[in-house]
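To start, the structure under review is shown below, and the notes come after it.
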């Protein structure tokens with residue numbers, strides 16, 4: 001797959017360190033519209049840290065981020081949302097004591113007359129989007145702590161999708177899910193791709209990467225090992241990159 | 001606590017659980033009210049059997065009980081927000097004492113020099129100073145917690161010592177008394193209540209508000225085709241709500257002014273006192289109305305505004321709140337400022353009731369406030385709590401203390417009972433939550 005034109009996201013020469021340890025060391029990656037880029041590597045390779053610079057959870061020490069070719073300043077999750085970047089975190093980032101609608105609209109509540117929360121409208125919108133994403137979802141009026149892993153995940157995904165994300169970051173979206181729900185997430189990713197979103201997918205499962213991603217970026221010890229077009233390589237090539245840090249000839 | 005609603009399969013069959021489901025009444029609320037009634041009836045019967053006559057369930061005692069609850073109840077509303085966000089405020093008693101001392105000096109020493117003694121603006125300026133001071137102290141505590149990363153326990157433990165010390169230094173331990181005569185009405189007493197007519201007006205407004213809320217709820221649900229409560233359930237709720245308001249108003253109107261006050265009042269207004277005496281009702285006491293007003297406003301704030309939603313989100317998952325773009329640090333400052341503001345307000349009520357400012361005012365109040373919030377179902381683990389629960393919790397605490405005084409328990413025994421009830425209440429709550437899951 002060849003990408004032409006301006007990338008949706010370009011992260012140039014990003015570095016960030018914690019207490020003298022270089023968690024991310026001069027890494028450059030990019031993402032084009034309608035593309036899924038997998039980020040792979042061992043635990044502690046720096047994938048999540050790198051992507052948190054984009055979602056605003058961490059501030060990078062050096063480097064630049066370009067969105068649609070324009071330099072972007074991302075200092076907080078709010079800034080990231082301003083660039084239509086939505087993140088689905090590994091830990092789901094849901095407030096367990098609130099219901100699905102409250103979580104979906106958290107930080108962006110619908111306000112009715114008098115400046116009060118319009119809970120009814122938020123619930124109605126939540127019912128609409130959940131009807132699309134997960135038609136079996138019924139538990140609208142209970143805290144999300146009472147939901148199953150898959151139901152929670154669909155709330156987290158609904159939150160990211162509802163607000164017209166252009167760039168979606170998914171941190172191991174299927175880690176806690178059963179096979180049926182994993183399939184649901186895969187279908188959703190394909191659907192969003194068709195709509196022209198760019199998706200960064202952090203994933204450990206090599207088969208999921210082969211199935212879902214267009215390109216894969218492999219990281220090791222905070223550095224980028226290489227990037228491959230998934231259709232050009234085998235799982236063994238990618239495993240070799242992850243484990244040994246050895247690039248196949250197709251990599252760049 | 002009623003538990004029938006939580007058994008799985010057979011739950012739909014029982015009339016009680018069907019009733020609860022239809023009316024959507026919180027079973028925990030019922031449990032708390034049940035416990036409160038149990039305490040009231042228990043103390044009354046104890047009086048009937050062992051002292052010859054029960055004195056608990058009398059208009060006089062219940063009216064006094066409501067006034068005594070006001071100060072703790074007001075602060076408990078703020079403490080709910082603090083505890084829901086997984087913080088604690090140990091300084092409220094000392095801040096209350098400090099604010100009272102400052103207000104005492106402002107109204108008794110500073111303002112009379114400029115405005116003249118008894119000027120009608122004195123009480124307004126004084127109360128505003130007290131509330132602003134409380135809010136500022138609270139905001140300062142919140143800033144230390146949020147932006148300097150010091151645990152709230154430590155910040156407010158320090159505050160507990162610091163502000164009590166300042167309260168003493170301000171007047172070198174003297175008691176400032178009497179206070180401005182209008183100001184002292186805010187603390188209750190025969191003149192600090194709104195009388196029978198005023199009480200009925202308040203009751204009418206409250207009933208209208210209840211009916212409007214039920215109607216508005218139905219209307220907005222209909223707008224989105226959401227399921228409605230059955231009409232009979234709405235009727236029951238309306239009857240319960242309005243019945244409670246009217247019953248309470250009848251009660252406060254049934255407590256007449258003492259004879260001495262009536263004589264004084266009659267003399268001042270050239271009224272003739274008939275042979276049988278003149279029946280002048282107290283009606284709702286001003287501090288109680290302040291507490292109820294705070295309760296309503298804080299309930300709206302905590303359930304119907306962004307601020308309230310963020311408070312609960314921060315309590316449920318601080319990281320999620322932060323990642324959702326909520327400025328959690330600034331929120332923490334605001335939450336502590338609200339707590340401080342309510343402490344200032346409570347300080348107005350408490351010092352007005354005593355008609356004096358002493359440096360010991362509010363000692364140990366922090367513990368009663370925390371206990372009230374916790375008995376009212378606020379979880380120290382964060383994320384869970386209600387304003388009405390905290391007010392009922394304050395009422396439970398005060399009922400226990402009043403009741404034990406009435407039946408003549410000594411102070412040591414009172415502490416033992418109050419402490420045990422606190423632990424018991426939290427244990428029952430834990431058991432209830434486990435069953436509810």
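Just so you know, glycine gets a Cβ as well, placed from its N, Cα and C.
Unlike curated records, TrEMBL annotations are generated automatically.
For reference, TrEMBL has these:
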- B:29-50: transmembrane segment (TRANSMEM)
- B:62-83: transmembrane segment (TRANSMEM)
- B:90-110: transmembrane segment (TRANSMEM)
- B:122-145: transmembrane segment (TRANSMEM)
- B:152-171: transmembrane segment (TRANSMEM)
- B:191-215: transmembrane segment (TRANSMEM)
- B:236-256: transmembrane segment (TRANSMEM)
- B:276-301: transmembrane segment (TRANSMEM)
- B:335-355: transmembrane segment (TRANSMEM)
- B:367-397: transmembrane segment (TRANSMEM)
- B:404-428: transmembrane segment (TRANSMEM)
The transmembrane segment (B:191-215) vs the transmembrane segment (B:29-50): three or more C-beta pairs under 8 Å (separation of 6 or more)?
no
Segment proximity, the transmembrane segment (B:152-171) to the transmembrane segment (B:90-110), 3 or more C-beta pairs under 8 Å:
yes
Can at least 3 Cβ pairs under 8 A be found between the transmembrane segment (B:276-301) and the transmembrane segment (B:62-83), with each pair 6 or more apart in sequence?
yes
Counting only pairs at least 6 apart in sequence, do the transmembrane segment (B:404-428) and the transmembrane segment (B:335-355) share 3+ Cβ pairs under 8 Å?
no
Which one of these stretches, B:62-83, B:152-171, B:335-355, B:367-397, has the most C-beta pairs shorter than 8 Å to the transmembrane segment (B:29-50)?
B:367-397
Within-chain partners of the transmembrane segment (B:152-171) [C-beta distance under 8 Å, separation at least 6 from its ends]:
82, 87-91, 93-95, 97-98, 100-102, 104-105, 137, 141, 144-145, 336, 357, 359, 361, 363, 366
Under an 8 Å Cβ to Cβ limit, what residues of the same chain, 6 or more beyond the ends of the transmembrane segment (B:62-83), are close to it?
56, 89, 92, 96, 152, 187-188, 251-252, 255, 282, 285, 287-288, 290-291, 294-295, 298, 302, 311, 335-336, 338-343, 345-346, 349-350, 353, 365, 368-370, 372-374, 376, 378-380, 382, 385-387, 389-391, 393-395, 397-399, 402
